[in-house]
Structures are given as C-alpha cells and as structure tokens.
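If you check TrEMBL, you get these features:
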type	residues	note
COMPBIAS	499-513	compositional bias 'Basic residues'
DOMAIN	261-409	domain 'O-antigen ligase-related'
REGION	488-513	region 'Disordered'
TRANSMEM	25-43	transmembrane segment
TRANSMEM	49-70	transmembrane segment
TRANSMEM	77-96	transmembrane segment
TRANSMEM	130-150	transmembrane segment
TRANSMEM	162-187	transmembrane segment
TRANSMEM	207-223	transmembrane segment
TRANSMEM	255-272	transmembrane segment
TRANSMEM	278-297	transmembrane segment
TRANSMEM	317-340	transmembrane segment
TRANSMEM	405-426	transmembrane segment
TRANSMEM	438-456	transmembrane segment
TRANSMEM	462-482	transmembrane segment
Amino acid sequence: MQTSQRRLAAGPGEKVGAGSRLTDILRLAFWFSIVISLLNYGAYDSVTVAIEAGFVYLLLVLGVFSLGIAGNVRMPVVTSIAALLLLLAWIVFQTAPLPEGWPVHPAWMEVRKLDPDVHASISVTPGDDFGAYLKIALPFGVFLLSLLLFRKDGEAERALRLYGVTGGIIAILSILQFVFAPGMLLFVEKTAYLDSLTGFFVNRNTAATFFGIVSLLLLTLLWRSTKDVDVRRFVATLAQPRPEAKGWSLERKHGLLYAGLLAASLLALLLTKSRAGVGLTFVSLSLLGILLGSTRYSRTQRASFGGRPKVGIARRLWILVGLPLAFLVILAFLGGNVLLRAEVRGAEDPRFCTLPGIVASVKDHFPWGSGLASFQEVFPAYRDPACGVFAAWDKAHNVYLEGTLTLGIMFPLVAVIVMGSLIHIFIRGIRERREYRFAGCLGLAALLLVGLHSAFDFSLQIPGFSLVFALLMGPVVSICLGRGAGAFPQSSQQASGRYRVRARHGHRKSENV
C-alpha cells in the first residue's frame with residue numbers, strides 16, 4: 001500500500017530528474033567513445049570501427065526511445081537517414097549477384113573462365129563493401145546522436161566549449177610529445193612522418209585538418225567571449241585596473257584561455273607541415289573572421305566594458321582586408337617549413353602525377369562504380385609507372401574522385417544532398433538566430449575547410465576524424481535550427497558576469513532568439 005502511494009505521489013519533477021540523469025549518462029558514454037576512438041590513432045582499423053559504430057547506434061536507439069526527436073532537427077535527421085539508406089541500397093545493388101547482360105565488372109568475366117559457377121557483380125570487392133560502409137555509418141551516427149543529446153542552445157554551446165578546450169589540450173600534448181619524444185606516436189614508436197607533428201593520428205594531413213577545425217572553433221569561442229567588449233576600454237582597464245570594474249573578470253579568463261589554446265592549435269597546425277592543411281585553414285580562418293565581423297548579433301544593449309561601438313568604414317575595411325592579410329603574415333613568419341616544402345616539391349607531388357590515372361578509372365567505371373572498398377584493387381591498373389613504385393596507394397587522396405570511382409553516380413548525388421542541406425542550415429542560422437549567428441559562421445568555415453581539403457587528401461575517410469567532424473556539426477546544426485529553448489536563463493547569465501546588464505525600469509523583457 002505504501003509503495004503504491006509513493007508511486008502515485010511521484011510528480012513530474014521526479015520524471016524530469018530521471019530523464020535528465022539518463023541524458024547525462026548517455027552524454028558521458030558518448031564523450032567516452034569519442035576519446036577512445038582518438039586514443040586508438042584515429043580508429044583506423046576495422047575492428048575499432050565496428051565496435052564504435054555498434055556502440056554509437058546503441059546509444060542512438062536509447063536516446064530516441066528516452067528523449068525523442070526534437071521538432072526543429074527533424075529535417076537533418078530525415079536527410080541523414082535518407083542518405084544512409086540510399087547508400088546502403090546502392091551497395092546492396094553493387095554487391096548482388098547479377099545475371100549475364102547486366103553491367104557486371106569485366107574482371108568477373110576473367111574469373112568465370114576459371115570457375116563458371118562464380119557469381120558476378122558490379123563490385124570488385126563484394127565481401128568488403130559492407131565493412132567499408134560502417135566507416136560511413138559511424139560519422140552519421142555520431143551526428144544524429146549529437147543532435148539528440150545537445151538539442152538546446154545552452155547544451156549545444158557547452159558541448160562546443162568542451163570540444164574546443166579538449167582540442168586545445170590535445171594540441172598542447174601533441175606539441176610536447178613532438179618536442180620531447182619525436183619518435184613516439186602516443187604509446188607506440190612512430191614509423192612515418194618523423195619530421196612532422198601528427199597528434200593522435202598517423203597521417204599529418206589528417207592531423208592538420210583536425211587542428212584546423214579546432215582553431216576555427218577556438219577563434220569562434222574567443223570572439224563569442226569578447227564580442228560585446230570595447231577593446232580600447234578593455235586594454236585601458238588592464239593597464240590601470242579600477243576597483244569598480246568587476247564584471248569582466250570571468251570574461252577575461254575565458255578570453256585568455258581561448259586565446260592561449262588557439263595559439264597552441266595554430267602552432268600544432270604549422271608543425272604538421274601539411275601544405276594544403278595549413279593553407280586552407282588560414283583561408284577558412286579569414287572567411288570566419290569576415291563572417292563574424294560582418295554580423296551584428298548582440299542580444300544586450302550594454303555589457304561589460306560598455307557597449308560595442310558602431311561599425312564604421314575603417315573597421316569594415318579591417319574586417320574585409322586586414323584579417324586575411326594578418327593570417328598571411330602569421331603564415332609567412334611561422335610557417336617557414338611549410339612554405340619551404342611547397343617550394344621544393346612544387347607540382348611534383350605524386351598526387352598530381354597519379355591524377356590522370358584516377359580520372360581515367362572514374363570514367364571507365366561510371367555510372368555504376370566498382371565497389372566501396374575496391375580502390376586498392378582497381379587503381380594499380382591505371383597507375384603510371386613514371387609516378388614511382390615505392391608507395392602503396394590505398395586511397396586516392398581525393399575524396400570526390402574516389403567516391404565517384406567506387407560508388408558511381410550515387411556518390412555525387414548523396415554529397416550534393418548532404419552538403420547542400422548543411423549550407424542551407426548554416427545560412428538560415430546566420431539569418432535568423434541573432435545571438436547565435438556565430439554557429440552558422442563556424443559551420444560554413446569548417447565545411448569549407450574540410451570540403452576543400454577533401455580534394456587534396458583523405459582526412460574525411462579516416463573514421464577518427466570523420467566522427468570528430470560530425471561531432472562538431474551536430475551542436476552547430478542544433479543551434480542554427482533552434483529557437484532559444486535552451487538559452488541560459490537571465491539570472492545565470494547575470495551571475496556569470498557575461499551579460500552584466502543594467503536593467504531599465506527594474507525589469508527587462510527576455511528576447512526570443
């Protein structure tokens with residue numbers, strides 16, 4: 001009797017508390033899985049990918065049943081699921097045994113001369129394609145799970161802060177290991193790229209892309225923490241601190257933290273000596289600075305150190321011209337090794353030498369493709385001996401060409417759908433979110449960096465990087481499509497010192513952002 005009375009007495013607050021605890025457990029397990037993947041050198045081996053994918057989708061199922069899908073993120077959820085199903089159906093078609101007269105790969109005709117009973121298919125590697133599909137499903141699962149776990153503005157922004165701080169710490173640890181133990185890669189002996197920093201990854205180009213998106217995020221967080229600060233008054237206060245200036249201490253600490261971590265991330269980026277990674281990161285940083293500086297999204301009228309001054313012609317010129325020049329100056333002074341490597345190698349890079357062969361293989365296998373895991377088997381027939389025979393090419397160093405070679409017409413179709421949806425969401429966030437427009441700016445800059453670098457390297461094909469990129473996209477998309485449901489309450493903002501605003505007439509109406 002007493003037990004039933006206790007159950008009847010359980011109010012909505014207890015249910016909310018139980019749901020909150022479950023959400024915290026799911027988030028903790030989610031972050032733990034990301035860390036384990038990074039510590040496993042980018043989760044490159046198939047066993048780690050299978051375990052990680054199974055764990056992420058288990059958390060995703062638990063999240064859907066316990067939390068549901070928020071209405072504002074249904075569009076990216078449906079788009080992601082549709083892309084996954086399209087790719088899965090296409091791979092099933094490629095690997096299915098087909099009768100004569102269907103567009104099977106010519107290699108199977110040679111095999112049938114030895115064994116007439118063999119089943120022919122479009123794919124050259126039907127037994128490996130579904131394992132390779134897990135490398136695509138994993139980042140999509142991370143993206144979907146992050147949409148579920150960080151559905152409110154406050155939750156998503158806290159996730160981005162944790163992401164940025166963690167990425168900055170990884171940069172510091174990577175620099176320390178590169179300086180004091182250059183022959184080690186985490187816990188094992190380093191066998192490649194001995195003269196370059198690779199962080200937690202095996203390949204320096206993947207590390208460069210990772211530190212690039214971390215730098216973009218930290219620059220955004222730095223801008224976010226100081227956007228309502230009058231810089232001249234801030235510097236004057238630092239030079240001559242006054243007792244009455246107490247509302248900026250937390251802001252200054254956050255700004256200094258983000259600035260220090262940003263410097264460490266840029267240094268780690270330059271130490272990778274990745275020409276494309278460094279160059280495209282500074283291009284993306286310039287774009288991000290222009291986007292952030294061109295948007296006016298202050299939610300408050302007055303904040304610490306006084307209101308933000310009006311943007312004049314001189315300041316607009318600095319934003320549009322000065323920022324790119326500043327990043328080029330930094331690159332010229334600090335990126336000497338990168339520039340020297342680019343000058344010495346020039347256009348003699350093997351990637352450019354093998355490009356005609358890759359393009360020819362794409363033409364021969366379009367529109368059906370050759371199978372998701374087939375590049376290493378198909379490309380040697382097209383490789384020019386003049387390009388050298390010292391390296392084994394298991395990747396095309398161009399995500400778009402390899403995707404079109406292996407998946408045929410389905411790859412550009414899915415790529416246009418996914419990238420077009422993301423660009424639409426980011427532009428919508430810049431137009432509509434006011435206080436949170438920074439998310440759309442960050443999303444566009446990060447997508448530009450990864451999208452352009454994918455034309456020169458295979459960072460996006462490394463599961464460890466693809467999942468951390470998906471982890472960045474999740475909270476950013478959630479903020480862009482939000483309606484302020486998770487914004488920090490006014491009392492907590494005033495207590496933190498970030499929005500220390502003098503209320504007029506005793507009260508200030510909250511703005512729905």
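A Cβ is built for glycine as well, from the same backbone N, Cα and C atoms used for every other residue.
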Checklist outcome for this item: Per the Cβ filter (under 8 Å) with a sequence gap of at least 6 from its ends, the transmembrane segment (77-96) is approached by 69, 121-123, 126, 129-130, 133, 136-137, 140, 143-144, 147, 368-369, 371-372, 407-408, 410, 413-414, 417-418, 421
Item to check | Criterion met for the transmembrane segment (278-297) and the transmembrane segment (207-223) (at least three Cβ pairs under 8 Å) | outcome: yes
Item to check | Same-chain residues near the transmembrane segment (438-456), Cβ under 8 Å, at least 6 residues beyond its ends | outcome: 156, 205, 208-209, 212-213, 216-217, 220, 223-224, 276-277, 280-281, 283-285, 287-288, 291-292, 295, 297, 351, 397-400, 419, 422-423, 425-431, 469, 472-473, 475-477, 479-480
Checklist entry - Who are the long-range neighbours of the transmembrane segment (25-43) in its own chain, taking Cβ under 8 Å and residues 6 or more past its ends? => result 49, 52, 55-56, 59, 62-63, 66, 138, 142, 145-146, 149, 162, 170, 185-186, 200-202, 206, 462-465, 467-468, 471
Checklist entry - Would the transmembrane segment (130-150) count as touching the transmembrane segment (405-426), if touching means at least three Cβ pairs under 8 Å and pairs must be 6 or more apart in sequence? => result no
Checklist outcome for this item: Contact set of the transmembrane segment (207-223) with the rest of its chain, CB cutoff 8 A exclusive, min separation 6+ beyond the ends, reads 160-161, 163-164, 167-168, 170-171, 174, 197-201, 254-255, 258-259, 261-262, 265-266, 268-269, 272, 274, 276-278, 280-281, 284-285, 288-289, 292, 438, 441-442, 445-446, 449-450, 453, 457, 459, 465, 468-469, 472
